[in-house]
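Asks: First, the structure itself, so that you have it in front of you.
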Amino acid sequence: MIDIQLLRKDIETVAARLAGRKFQLDVNTFNALEAERKQIQSGTEELQNRRNTLSKQIGALKGKGEDTSAVMAEVAGIGDELKASAARLDVLQAEISKFMLAIPNLPHESVPVGKDEEDNVELRKVGTPRAFDFEVRDHVDIGAALGLDFDVAAKITGSRFSVMKGGIARLHRALAQFMLDTHTEEHGYTECYTPYIVNADSLQGTGQLPKFEADLFAVKKGGQEGEGEALYLIPTAEVPLTNIVRDEILAADALPVRMTAHSPCFRSEAGSYGRDTRGMIRQHQFDKVEMVQVVHPEKSYEALDEMCGHAENILKKLGLPYRVITLCTGDMGFGASKTYDLEVWLPAQNTYREISSVSNCEAFQARRMQARFRNAQGKPELTHTLNGSGLAVGRTLVAVLENYQQADGSVIIPEVLHPYMGGLTRLLPQA
């Protein structure tokens, strides 16, 4: 969450910056909560001072052998008032915390102001889309003859799932292995294996809760009627990776922390009804290789550009045309201060589609998680956190199928993946 001191010092400026994100800050509610908090805290201090004064009087009266009952009765009454004030203050603090958790991150000054994706700014294009001398097919038609099956998945589970068999399943696995190897061997990340089920504290730490619970899949021990705390399937490995440093104080020389993980991701896709209903572009379950960095605050924007380059390197090695865009204020994710999207060329759609999103969250997540490091003065200071897809495996598979398709229905496997394919250099349609 953002620093509450910013609201206390200049709430109107904060409200104006958030308006660029299409978020209306309820200034009146915050001011009312703060006014009552100050009033109670001031009253509490007065009561405590009065109690201290009376306690001294009791001592003096006892020393003189005089009656202390009236003064002691007043002290007892003050104790009751203090308990009531403390209880009300706890309620207020909870309301203020709830208020703060609902506020998105402040956009960095370099982020273009805009309403939606139409106002995003293209930074660069890399690679030239291939010219085909035959009718281009989409990944659904190509994949149907290669072992990609949505009907069986619908029978097993429902819509927005897929089954892969044979060579295409191996290609999917090869992509994930290639991404992990590149990030660990070339980019300096530590590979991690993390839980695919997390608790509410973890999701609150990275910003999915409480605001976006409808986007999640909830699970319980013992089935739907089971007992115990609410647990959730991860929407991205960003959640468990980033929460590794929750409630930790790192040594300054331990920064940056670079972590990567391959995991399935589970999303309800609330609000996306009717969008991308065909194929693998938008599914309830998909694989992704995630990158996370925990860095010194002064180096987070350097790290953002670095991470964008790491994601780009995967696309370059695969020979896939892509572009990089800077998201405008109105199109950024809840926790991001600045985001670059990488979009890969999909011939069948004749357009670029998102395949990676790389974001600097500054101290937004760290403040929620209390992820800190010891600064040069030895004092705990909030880290900055960054995350990015490196890449979405399913969408990368889609891009490979469409960009490397052949007229006979086969798909040439990018050379960089050959070591992972057991000698296969081309996927052939199954009889």
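Glycine residues also receive a Cβ, built from the backbone N, Cα and C atoms like all the rest.
Relevant sequence annotations retrieved from Swiss-Prot are reproduced here:
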- THR236, ALA237, GLU238, GLU290, SER389: L-serine binding site (BINDING)
- ARG267, SER268, GLU269, GLU354, ILE355, SER356, SER357: ATP binding site (BINDING)
Asks: Using only the residues recorded as binding ATP (ARG267, SER268, GLU269, GLU354, ILE355, SER356, SER357), report the maximum Cα-Cα distance in Å, whole number please.
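Replies: Across ARG267, SER268, GLU269, GLU354, ILE355, SER356, SER357, the two farthest Cα atoms sit 19 Å apart.
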Asks: With an 8 Å cut-off on Cβ-Cβ distance and a minimum sequence separation of at least 6, pull the same-chain contacts of ARG267 (ATP binding site), or say none.
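Replies: Sequence-distant Cβ neighbours: ASP215, LEU216, PHE217, PRO235, HIS284.
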Asks: Given the binding-site residues SER268, GLU269, SER356, state which is nearest to SER389 (L-serine binding site) when distance is taken between Cα atoms.
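Replies: Closest by Cα distance to SER389 (L-serine binding site) among the binding-site residues SER268, GLU269, SER356: SER356.
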Asks: Taking Cα atoms as reference points, rank the binding-site residues THR236, ALA237, GLU290 by distance from SER268 (ATP binding site) and give the first.
Replies: THR236
Asks: Measuring Cα to Cα, how many angstrom lie between ALA237 (L-serine binding site) and SER357 (ATP binding site)?
Replies: 13
Asks: Given a 10 Å Cβ-Cβ cut-off, pick out the one of the binding-site residues THR236, SER356 that has the most other Cβ atoms nearby.
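Replies: The most densely surrounded of these binding-site residues is SER356.
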Asks: Given the binding-site residues SER268, SER357, SER389, which one is most crowded in terms of C-beta atoms within 10 angstroms?
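Replies: Per the Cβ count within 10 Å, the most buried is SER389.
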Asks: Excluding THR236, ALA237, GLU238, GLU290, SER389, please set out which residues of the same chain place their CB within 8 Å of the center of the CB atoms of the L-serine site, keeping sequence order.
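Replies: The answer, listed by sequence position, is VAL239, LEU241, ALA261, SER263, CYS265, LYS288, VAL289, MET291, VAL292, ASN387, GLY388.
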Asks: A 10 Å Cβ contact count, applied to the binding-site residues ALA237, ILE355: which residue has the minimum?
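Replies: Comparing Cβ neighbours within 10 Å for the binding-site residues ALA237, ILE355, ILE355 has the fewest.
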Asks: Among all the protein chains here, how many other CB atoms are within 10 A of the CB of GLU354 (ATP binding site)?
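Replies: The answer is 15 other Cβ atoms.
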Asks: Going by DSSP, give the three-state secondary structure for THR236 (L-serine binding site).
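Replies: DSSP assigns THR236 (L-serine binding site) to coil.
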Asks: Cβ-Cβ under 8 Å from GLU269 (ATP binding site), same chain, 6 or more residues apart: which ones?
Replies: ARG160, ASP215, ARG282, HIS284
